[in-house]
Structure formats: C-alpha cells, structure tokens
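First up is the structure itself, then whatever we jot down about it.
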Amino acid sequence: MKTERVNVNVNNQPYPIYIGENLLQDKSLLQRHVKGRQVMIVSNETIAAFYLDPLKAIYQDFQCDTFILPDGEQYKTLEYWERILHKLASCNHHRDTTLIALGGGVVGDITGFAAACYQRGVDFIQVPTTLLAQVDASIGGKTAVNHPVGKNLIGAFHQPKAVIIDLNTLNTLPEREFKAGMAEIVKAALIKDEKFFTDLENKMSDLLQRNFIFLQAVIKRAAEIKRDIVNADEKERSGERALLNLGHTFAHAIERLLGYGQWLHGEAVSAGLVLAAQLSHRKNLLDFESLQRICRLLTQISLPIHFPKSINADELLSAMYMDKKVANERLHLILLEDLGHAVVSDQVDDRELKSFLENG
C-alpha cells in the first residue's frame, strides 16, 4: 500500500499527515520531524503494551523518556497534565525537545497541551492509534484537558509537527472504539461532502470489516475536510471551524452528565448528530429523507441515535450552556441545511430547545 499524505498549512505552519501501513517501523519518517536529541513519548497503559517498545527502539540514540497515563477520558485532567510537565522538567528536557503522543484522543489532547505550555511551547508529534483520533482529534491543533464543569475547558491551540497514522494500529482497536470513531467520519461528510456521505453508505460494510484500502481512503477524505476548515479558521474566529462542532454541543453535555468514560466520545457524537439533524428538520432546514438516511447509517454502525433516558431535558440544556460555543449568552448550534451543508445558528431560543429535547 502506498502511503498517502495530506498537507496542512495553518498560519504558515505547514505539517504533513501520513496515512499508511507499518509506519511505526519507519525509522526515517519517525526521526524526520524531531529537531533535537530529546523525546518524551506519552501513551496510556493499553496502547503502551502494544506499541511503546517498538517506538522507543526508533529513538534508542536519543534521550527517550516516557510517561504512561491510565486509560480513560477521566484521566484527561489538570492533575495528569501537571505530572507530564513535572516529568519533562525532572528529566531536564530543553526547548528543542519533542513530545510524541502515542494513543487516542485523550493522549493527544493532554500531550499537545503539555507541549503548548512547557517552556512556552515545544514541538510535538501526533501518532494516533484510534480511528477517532486519526480522523479528528489529532488534526488541527486543539489541545485541552477537562474540568468538572465542562469538557475541554482548559487548553490551547498548538499545531503538531506531523501526524503519523499507521493503519495497523486499528487491528488492536476494540470493536466499540472502532465504531465510535466512525461517528467523526460521518460528521465530516455531513459538514462538507454529500458524495462522501453516499460513499459511506455504500462502503460501510467493508469499512466495518476494517478493509485497509477503504479505510485509508475515508481517513484521507475526512482529514482533507478538517484540513480545509482549519486552514481557513484555526481559532474559530470566522465561524468556519465551528462547523466541526456539529453534534458536539449535545455530545459534550451528554458525556459530562453521564460521567466521562461512561459513553465513548464518538457514541455521544452519534447521538448529538441525530439531535442536530432532528432539530434541523424541526426548523424546516433538513428534509425528512436526509434525517432518515443519517439515522440509518449510524444504526448500521451500531451507534446510539438517542440520548440516554437517565438525562432529562433541563439537565441537558443546562450542561449545554457550559459549552465553548456559547457567545453573548446564546447557544450557537451547528445545524444542517442538507447532507454536506452545515451552518452556524443562534436562532434557537431556550424555550424552543427545551420543548425539542422533551418532545423530539
């Protein structure tokens, strides 16, 4: 298989995304984006068991330190972020060090935030090992940790020097996590590319069988969609990047109310996508057949299309207001005018939203 490359250029900070097989064995590639002689690999207990030793071997001629997190969203906290910084300082890492995030979205987010803050900013490389991280979390420079009040409330924008996606890491990904990652691919299609959505409908059976040929193609297309949006609006100033939050205002509230880790992020995103589509239909933006197609595709993946019955409408609405997409005390929701055409809207008031959440 030929390695595919997607080039990102954010504010004249270009970096590549590589997508291929056996990239974790490519010494030249993995050393190419390290400018100094120090690296620190951050991973979690689950991923480290599979991939840490081979990656350390690539950097055997470097000062190579490691930090291993427990596995789970509940560890994406200021406490563990501070522990990473302490390890960097105690091991005497300099400004030319490079952090390597080996893992899923939690590892990538907390490592990127540590890199953004250590000595006012050092390099880092994303090596995402989950489908969700490969198509979304590793691209675009958003780094953060959670706070009890809300998800990703404390963070920074800090672009990686490279994103290295080894498709072989998907072989060790549990089925539930693999399917959760599909939600972000569906989201990308809904935002910008109706043809891509149709391709997903036609190829989903092969994708769920982890066919690498099809997976490489859809990961590349999802990465291109995110690349184009991030290039145009790195820090959500113009509203373009906000489109990437389709379904996420609902999803982040669901995750927080259930307790981080009870639902995977992609599972909450799936329910959020359906809520956004249903609300779009209610406001006469999205036709019923398109809504049905979205529900059918997510159901085929075995992802949730309803928010949990244990959460009531008042709780969900209150939690949504802790989202970063609140401006001037109004929720800015991402809605759909069509498959492949998302828009930012502040035209949903609390009364309408509460009625929608209570009655659908």
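Every residue gets a Cβ built from N, Cα and C, even glycine.
Owing to the predicted nature of the structure, the values given are computational and were not obtained by experimental measurement.
Among the candidates Glu175, Glu184, Glu337, the residue that Swiss-Prot annotates alongside His248, His265 as binding Zn(2+) is Glu184. In terms of local Cβ density within 10 Å, His265 ranks first among the binding-site residues His248, His265.
Listed binding-site residues: Gly105, Gly108; maximum Cβ neighbour count within 10 Å falls on Gly108. Note on Asp71 (NAD(+) binding site): other Cβ atoms within 10 Å of its Cβ, all shown chains, come to 18. According to DSSP, Gly105 (NAD(+) binding site) is assigned to a helical segment.
The Cα atom of Gly105 (NAD(+) binding site) lies nearest to that of His265, taking the binding-site residues Glu184, His248, His265 as the candidates. Using CA atoms as reference points, the binding-site residues Glu184, His248, His265 were checked against Asp71 (NAD(+) binding site), and the closest is His265.
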